[in-house]
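J.: Below is one structure. I have some questions about it.
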């Protein structure tokens with residue numbers, strides 16, 4: 001048995017330890033556990049150092065490919081992944097020989113537990129390679145999809161970033177938007193169906209090899225709570241009344257603009273009219289839907305451009321924000337290695353991302369920054385990831401991660417909540433003039449709401465859909481029908497034109513094509529308000545029930561007390577289950593929507609009064625757009641015990 005124990009970094013692992021484990025297994029006696037545990041500690045620390053080297057190699061190859069999309073770089077990346085996957089598999093086989101469950105030390109047990117999951121490398125080599133190719137195929141299809149312009153059908157080089165996104169943000173021609181929507185979903189979505197179907201099958205096989213029923217269970221295991229899905233559902237029930245008020249109000253404003261031939265009075269909202277390809281945030285329709293249109297809106301993008309902002313300046317300001325909280329400044333390598341503007345000489349993956357190279361000193365951001373307010377916030381968000389990396393870089397490699405996948409996303413956004421507060425924008429000279437009156441505050445909260453609140457049902461939909469797919473409840477022949485059923489039920493949106501199973505609209509979203517779990521963003525959008533509220537109380541910027549210290553006005557800039565509390569949570573990485581990390585900052589051990597509801601309370605009250613005044617229908621009747629066949633609908637109704645399809649309950 002001892003033969004498989006390889007020499008790791010020169011220190012041979014004692015054969016005696018192995019023999020002892022097997023003696024325990026056969027005789028049920030408990031020999032000197034302490035020696036075994038010491039042995040396990042030596043082993044796992046060496047393993048962890050090697051894992052850091054492997055992760056570094058993987059990141060370097062991944063960066064090379066995503067910052068220069070060529071066939072050669074893609075092949076090199078897959079080659080590195082194959083090599084590393086072999087090494088990981090060897091390490092995993094060794095790790096499983098330890099009887100670590102009986103160790104006394106919590107941290108040691110936790111490291112063993114994490115290392116005894118192999119991930120997709122558990123697949124046989126040929127299947128692993130197929131899985132990598134199917135994801136790579138979806139990713140490169142997504143990154144390189146181009147469509148034709150509505151106004152000039154001979155111009156067929158429109159990329160998602162910046163071309164299509166920009167038109168979506170500015171155009172108010174429903175026909176142009178419909179054209180872009182249909183063409184993008186055709187190019188980025190439909191073409192990915194075969195790859196996606198193969199990826200689901202292989203990823204599920206990998207899940208079983210890691211002792212999970214399927215990928216849905218695997219993804220949820222990252223959250224370390226038994227009732228994760230019930231928690232997501234409960235959070236949605238708490239937020240839904242607020243969302244439905246916002247939805248009804250926006251539908252009325254869109255109907256006023258486009259007429260009831262385009263937007264119905266009681267149905268779902270057509271998904272192409274909300275200023276974003278996926279209708280996941282609606283900020284781009286703010287200019288003609290805001291509650292008090294006559295209140296002069298401060299155009300922050302314009303102010304940035306007038307003040308000669310550059311991509312670099314945005315990053316420097318973000319760095320300065322973190323330093324003002326007594327957190328860590330960006331290291332020199334960060335400034336040297338990051339890509340913060342879109343190169344003109346090659347294709348890159350533009351989707352903003354933050355990178356940890358697992359060597360404790362190389363951290364980078366890659367994003368195609370444009371000088372506008374949205375990127376001002378995105379920059380702070382990505383820098384939040386880097387700050388998290390910096391804070392936990394002293395942890396063992398296996399713990400260099402967010403307390404749960406949502407924590408990483410929430411940290412950057414929590415910072416952005418302060419950065420986007422009117423108080424902070426005044427401080428940095430992007431807004432001038434006096435403090436906000438009530439109308440300006442409602443406008444401001446509305447602007448936040450069509451970003452933060454409307455995102456929740458979209459994020460919830462994306463993974464509920466994939467849970468169904470991974471569990472086999474949604475078969476390939478029902479992908480599109482089930483996807484739109486959820487989007488209508490939860491988001492209250494409908495496709496602009498009829499859809500069939502020739503279409504595969506879910507993959508027209510980056511995270512579906514790139515195999516990125518999405519519940520993290522849903523969790524993040526809830527818990528960032530919990531974090532924000534706790535930090536604001538520490539900074540003395542928020543006092544419950546004190547109308548002069550409202551949560552919406554809080555800016556934690558320059559608060560060392562807030563920074564230290566945040567640091568205490570970030571430093572833990574994933575060394576403890578997330579409720580411990582949550583408690584370190586907030587005193588709460590559960591995800592709760594009360595922070596978000598408190599933040600938006602003035603908006604909720606305003607929307608209720610406004611919708612009552614205009615007699616708006618709250619909720620939505622079933623869509624008249626076809627996206628399921630009658631057979632599919634009958635099967636769905638049967639499966640759900642004929643639950644009513646209308647959601648205007």
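Glycine is no exception: its Cβ is also placed from the backbone N, Cα and C atoms.
Per TrEMBL, the features are:
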- 148-156: disulfide bond (DISULFID)
- 350-368: disulfide bond (DISULFID)
- 536-554: disulfide bond (DISULFID)
J.: Just to be sure I understand the packing, how many Cβ atoms besides its own are within 10 Å of the Cβ of residue 148 (disulfide bond)?
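T.: Other Cβ atoms found within 10 Å: 16.
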J.: Residue 148 (disulfide bond) to residue 350 (disulfide bond): how many Å between their Cα atoms?
T.: 20
J.: State the Cα to Cα distance, in Å, between residue 368 (disulfide bond) and residue 156 (disulfide bond), rounded to an integer.
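T.: With the alpha carbons as reference points, the distance is 21 Å.
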J.: Could you say which of the disulfide-bonded residues 156, 554 has its Cβ with the most other Cβ atoms inside 10 Å?
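T.: That would be 554, with the highest Cβ count within 10 Å.
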J.: How far is it from residue 350 (disulfide bond) to residue 536 (disulfide bond), counting Cα to Cα, in Å?
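T.: A Cα-Cα distance of 33 Å.
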J.: Could you measure between residue 554 (disulfide bond) and residue 156 (disulfide bond) for me? Cα positions, answer in whole angstrom.
T.: 46
J.: Only counting partners 6 or more residues apart, tell me which same-chain residues put their Cβ under 8 Å from the Cβ of residue 536 (disulfide bond).
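T.: Residue 536 (disulfide bond) has long-range Cβ partners 542, 551, 554, 556, 562.
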